[in-house]
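Trainee: Just lifted these from Swiss-Prot, have a look:
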- 1-45: topological domain 'Cytoplasmic' (TOPO_DOM)
- 67-95: topological domain 'Extracellular' (TOPO_DOM)
- 117-128: topological domain 'Cytoplasmic' (TOPO_DOM)
- 150-181: topological domain 'Extracellular' (TOPO_DOM)
- 203-207: topological domain 'Cytoplasmic' (TOPO_DOM)
- 46-66: transmembrane segment (TRANSMEM)
- 96-116: transmembrane segment (TRANSMEM)
- 129-149: transmembrane segment (TRANSMEM)
- 182-202: transmembrane segment (TRANSMEM)
Amino acid sequence: MDSTKSTEETAINIPRESSSTKHKIAVAAVKAVATPHKRGGMKRGVAIFDFILRICALAAALAATATMGTTDQTLPFFTQFFQFQASYDDLPTFTFFVIANAIASGYLVLSLPFSIVAIVRPHVTGVKLLLLILDTVLVAFTTAAAASAAAIVYLAHNGNSNTNWFAICQQFNDFCQRTSGAVVASFIAAAIFIFLVVLSAVALRRH
């Protein structure tokens, strides 16, 4: 009798796991596995958007370079000593504009493979940091070129009576239209560069 009581007293009741507990553990495991995949998918989506923006910026920079670099107009009338002609290389500001946008176009072409690497390997931060630094440099470069050219285009359209600079766009209409279009395209490229910098900074911050 005593042995029976001692056996009952020393028996340990091990509670069985309920089905709800097993379900919670399974859900937690699934969430732990799904979270990295979700973050990776989000980063890949940001990298794809970055690639698309670079193509758009490349198109804008190339348009600005080609338009300004081929701007040349000669008026149909001339005198014995003068021929009225306007070309982009008559002004150093426009020459700098063409060079700056050509450099921006070349950089964008070279940055596309790095952007593809960021798509394939979205967790790599070195490539994103490099692009962020170079994009910031190109923001300043393209903005300076576009702003300086915009000042010259404004003078071509309106002149400046205080300095006796006359507006020439009434005579050189095609010249002014092409230079104005090139400046607009360059500002678009600069705006896309700014957006790329913000996008890269946000992506690195979330990493």
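Cβ atoms here come from the backbone N, Cα and C positions, even for glycine.
Burial and contacts for the listed features, if you can.
Mentor: If you average pLDDT over the topological domain 'Cytoplasmic' (117-128) in this model, you get 85.
Long-range contacts of the topological domain 'Extracellular' (150-181) within its own chain (CB-CB distance under 8 A, at least 6 residues past either end) are made by residues 67-68, 70-73, 75, 84, 86, 88, 91, 93-94, 187.
Here the transmembrane segment (182-202) has Cβ contacts under 8 Å with residues 46, 49-50, 53-54, 56-57, 60-61, 63-65, 67-68, 71, 97, 101, 104, 128, 131-132, 135-136, 138-139, 142-143, 145-146, 149-150, 153 of the same chain, all six or more residues outside its ends.
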Trainee: Short question: which residues 6 or more past the ends of the transmembrane segment (129-149) have a Cβ under 8 Å from it?
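Mentor: Apart from its flanks, the transmembrane segment (129-149) reaches 50, 61, 64, 68, 93-94, 96-97, 100-101, 103-104, 107, 111, 114-115, 118, 179, 182-183, 186-187, 189-190, 193-194, 196-197, 200-201, 204.
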Trainee: Sequence-remote contacts (6 or more beyond its ends) of the transmembrane segment (46-66), Cβ cut-off under 8 Å?
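Mentor: 97-98, 101-102, 104-105, 108-109, 111-112, 115-116, 118-119, 122, 131, 142, 146, 182-183, 185-186, 188-189, 192-193, 195-196, 199-200, 202-203.
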